[in-house]
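Below is one structure, written out as structure tokens; comments come after it.
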């Protein structure tokens, strides 16, 4: 079996939880309502959520049995270093999105690209400078001159 | 039905220099993207869609098809010179391509790969043209009952065939269905799952969704694996006469190319299987039927020819269900549907009735793209070999920028940036936990069509959904769906039992 049972167990549990929240709260509250001759507005979304729930629950149960049979623990915390390595890119992009929300992307992009290159271990200054400036200059040329929509 | 004059004018339009320039741009960009390890076809199409907003519908689609084809051919370069496939589907090319390049024949290996790619692609494109018109003509006669049954079957088929766990495939399909229903309900006008955001009234915007789940999530995954490819060495192209491909050598690969193109076209026409399955199936077939199977894996040109021709044949063939029925069978086909939607065209059999000139111009554009693939690949060989040297961390940083730029250029603003970020987390989850992305995307794309047909069926039958069992074609697809579910469940159960037995024995 190529799948890790523990991964399957937890992902199945997560998807099942989301689908329960969808079925019991989100779809009934925000799924829309009104009289329909054909399909009620919530029907297809509810069917999708039930499909998710059934499959995710089955996946979790099967993985749970496999884990118990093999005598492996249900919980295995990832190392902090590994967890951080997976998390920081999201935080970096999120911080950058917050920045882009306030300043034009064209001006902030060289800093974003350059900083990311430095974080990833690039130390040749000419590579950092060229890689940072050329895409931003390209975006400037595209938006300000070709599309004429102004600096984004 | 479209006449000969219209077909001729469609071909003339595709051969216009502007059209050729656009397709050339697509093929060239696709080739470069394909050559760079870690950037795949889906990422390329996702970040290129914003560039096509200001093009005409035909130019946009022709550009994206050229891009898609170029990526498939270009990915062989890094597979052969770097032993790192630019696309997962080129992994089979590594098996013989890298040993052949290591044995001092990198140019020969690249040329075999290129010629096999072009022939596979061209033949599959001709097959597409020959098959899709009669296919679409029949599909136009289908009513909502038949289409409902076919769409449900396609979703189950894609979930089962997309690789990995069937349960995860169906769960991903469920996620796609839920997201596909977001927006105003066409019958009651009720806002569904919009949470008060006016931006969601027309549904989840497809561009932030595909850029987030495909491109940005892929870059996060690449960052995670960034250290793995550090230190990989590229094989340089020499000028030795032994390294050039003779006509005789090329001729000896032709039977393999034709057979593998057949395999690739068959696999491509079935939704969900994708080019990786096609390439490995063709490679396996070539090895089994070869006189010297032991030479495979050690630099046999037939191995490269088999993998590349099948890989490239899958792409045009995967457009058969797309143009014939409106069902995207692969991620790149689903992205094309998105591009068609952006340009206000409903892809599927209706195109034959409503936009026949465009359909034929696209087909002729696809043939032009195949020819341009040969030109770009043949004359750009040395340059592309150098592109494989681009360090992945530079690519990652620039692609992240391009993802955000694509959203900003289209004016999605803060909402678009937040959406793209949320979908990047979602896409990362799908990737890390191996939930079928293709099933999710196909479900998201076909849900509005499924809902419309299901609604029409319910209204026409007066609420009796059992009418599906009284229509022969619909009934056949209902039976196929049931058999498919039973077969896949049985296969999964047997695999689970087998694992259990193995665990007991060990």
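Every residue gets a Cβ built from N, Cα and C, even glycine.
The annotation domain 'DUF112' is assigned in TrEMBL to B:21-441.
Positions annotated as transmembrane segment by TrEMBL: B:7-36 (among others).
Away from its own ends, the transmembrane segment (B:42-65) comes close to residues 13-14, 18-19, 22-23, 25-26, 29-30, 33-34, 71, 207, 210-211, 214-215, 218-219, 331-332, 335-336, 338-340, 342-345, 358, 361-362, 365-366, 369, 399, 402-403, 405-407, 409-410 of its chain (Cβ-Cβ under 8 Å, at least six residues beyond either end). The transmembrane segment annotation in TrEMBL covers B:42-65 (among others).
Taken from TrEMBL, the feature transmembrane segment applies to B:112-136 (among others). Outside the transmembrane segment (B:112-136), and at least 6 residues removed from its termini, the chain residues within Cβ reach (under 8 Å) are 69, 72-73, 76-77, 79-80, 93, 97, 245, 249-250, 253, 257-258, 260-261, 264-265, 268-269, 301, 304-306, 308-317, 319-320, 323-325, 348-349, 351-352, 363, 366-367, 370-371, 373-374, 377-378, 381.
The annotation transmembrane segment is assigned in TrEMBL to B:166-184 (among others).
TrEMBL lists B:204-221 (among others) with the feature transmembrane segment.
Long-range contacts of the transmembrane segment (B:322-346) within its own chain (CB-CB distance under 8 A, at least 6 residues past either end) are made by residues 41-42, 45-46, 49, 52-53, 56-57, 60-61, 64-65, 68, 128, 131-132, 135-136, 139, 147, 150-151, 154, 158, 206-207, 210, 214, 268-275, 314-315, 354-355, 358-359, 437-438, 441-442, 444-446, 449. Annotated transmembrane segment per TrEMBL: B:322-346 (among others), in sequence order.
For the transmembrane segment (B:358-381), same-chain residues at least 6 beyond its ends with a Cβ under 8 Å from one of its own Cβ atoms are 2, 6-7, 10-11, 13-15, 19-20, 23-24, 26-28, 31, 57-58, 61-62, 65-66, 69-70, 73-74, 107, 110-111, 114-115, 117-118, 121-122, 125-126, 128-129, 237, 316, 323, 345, 351-352. For B:358-381 (among others), the entry in TrEMBL reads transmembrane segment.
Summarising the annotation, TrEMBL assigns transmembrane segment to B:390-407 (among others). Outside the transmembrane segment (B:390-407), and at least 6 residues removed from its termini, the chain residues within Cβ reach (under 8 Å) are 36-39, 43, 46-47, 49-50, 207-208, 211-212, 215-216, 219, 222-223, 226, 229, 416-417, 420.
Positions annotated as transmembrane segment by TrEMBL: B:413-430 (among others).
Among the features that TrEMBL reports, transmembrane segment is placed at B:437-454 (among others).
The annotation transmembrane segment is assigned in TrEMBL to B:474-493 (among others).
Contact counts against the transmembrane segment (B:437-454), taken as Cβ pairs under 8 Å, peak for B:204-221 among the stretches B:204-221, B:413-430, B:474-493. Count of Cβ pairs under 8 Å against the transmembrane segment (B:413-430): among B:166-184, B:204-221, B:474-493, the largest is for B:204-221.
Among residues of the same chain six or more beyond the transmembrane segment (B:166-184), those with a C-beta under 8 A of the stretch's C-beta atoms are 155-156, 158-160, 190-194, 200-204, 209, 430, 433-437, 439-448, 451, 488-489, 491-492.
Distant neighbours of the transmembrane segment (B:474-493): 145-146, 148-150, 152-153, 156-157, 160, 165-167, 468; these residues of the same chain sit at least 6 beyond its ends, with a Cβ under 8 Å from one of its Cβ atoms.
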